[in-house]
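Only one structure is covered here, and it is reproduced in the block below.
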């Protein structure tokens, strides 16, 4: 695979290999057959980052070969959304005549949506001044006249210039409802929107008919919390990143959801609060004891759950666990399956043509 070509004819084979690998990893935990969710074979990634190479008055996107470290010119990138591919040449054509915008530009980041909004971040090794801002405004307006619903941001060391705002609003059809998600530049969002929809719908299906409340750790912008709210009486969710918390609060309002409460704190801190080890001012006005959470949802970073959080989640009758790293999931399952059994397993091909897998498990307490 190169940046400009995809081995689409090998898609089924690579998915079968991942399925077999996941089944082998999960065999010792007596997991059921996985449900397998396919990705679109191209234009599936909603964000992309490119370094910029300057050649005299010309410039172009590049990536680096992971083995040889050689640079590769990238004019089209079929991994990324069609919107990103349309904007890539249009943006460079608009940049070339403007030395102020070109000079010391070393990276361009794109974040697109299925709702055809896109935010572009231009990263520089220089100070950004008023002249840069004026030319950036002209660049933004020129691209908008070409039909791009675009937000433009300039970044340099300790500097962020946002011409309008630094987010896009995604709209996803999830199990018969349109869900609005504000996605903030430089914050985590699910990269494969089509797979995100399938993950949300799978999570809804395996929690259908739930009783009581839901606790979510690592909620981000509320991606899962808000979709799952329809299956629970109340949802209590934690997130540490301030921009993600702000986006989640907006998303609660935009989706007119009244049963979700977001708390800004780390999962480790929340564990301490639940155990009564520490008191936090951030929890003032929130009666943790009033929640009857029979289900806990976790979508941790690649490192998985720390030991203390594993012990916390074991206290809940049902654990819904989304993992972007099955190896750390299995490490956690070695402990979790002492008290719970794996009742559902899913493979989401979030990262086609790569070694990486995303999977989901539902664990239910042994009787």
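Each Cβ is built from the backbone N, Cα and C atoms, and glycine gets one as well.
The annotation active site, nucleophile is assigned in Swiss-Prot to 324. Residue 324 (active site, nucleophile): 19 other CB atoms within 10 A of its CB, across all protein chains.
Secondary structure from DSSP puts residue 358 (active site, proton acceptor) in a beta strand. There are 24 other Cβ atoms within 10 Å of the Cβ belonging to residue 358 (active site, proton acceptor). Under the heading active site, proton acceptor, Swiss-Prot lists 358.
In sequence order, 196, 199, 223, 350 make up the list of same-chain residues 6 or more apart from residue 190 (S-adenosyl-L-methionine binding site) whose Cβ falls under 8 Å from its Cβ. Per Swiss-Prot, S-adenosyl-L-methionine binding site is recorded for 190, 218, 223, 239, 299, and the stated evidence type is sequence analysis.
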Cβ within 8 Å of the mean position of the Cβ atoms of 190, 218, 223, 239, 299: remaining residues of the chain near S-adenosyl-L-methionine:
188, 216, 219, 220, 221, 222, 224
Spatial neighbour of residue 324 (active site, nucleophile) that is closest, considering only the recorded positions 218, 239, 299, 358 and their CA atoms
358
What number of additional C-beta atoms lies within 10 angstroms of the C-beta atom of residue 223 (S-adenosyl-L-methionine binding site)?
28
Under DSSP, is residue 324 (active site, nucleophile) part of a helix or a strand, or is it coil?
coil
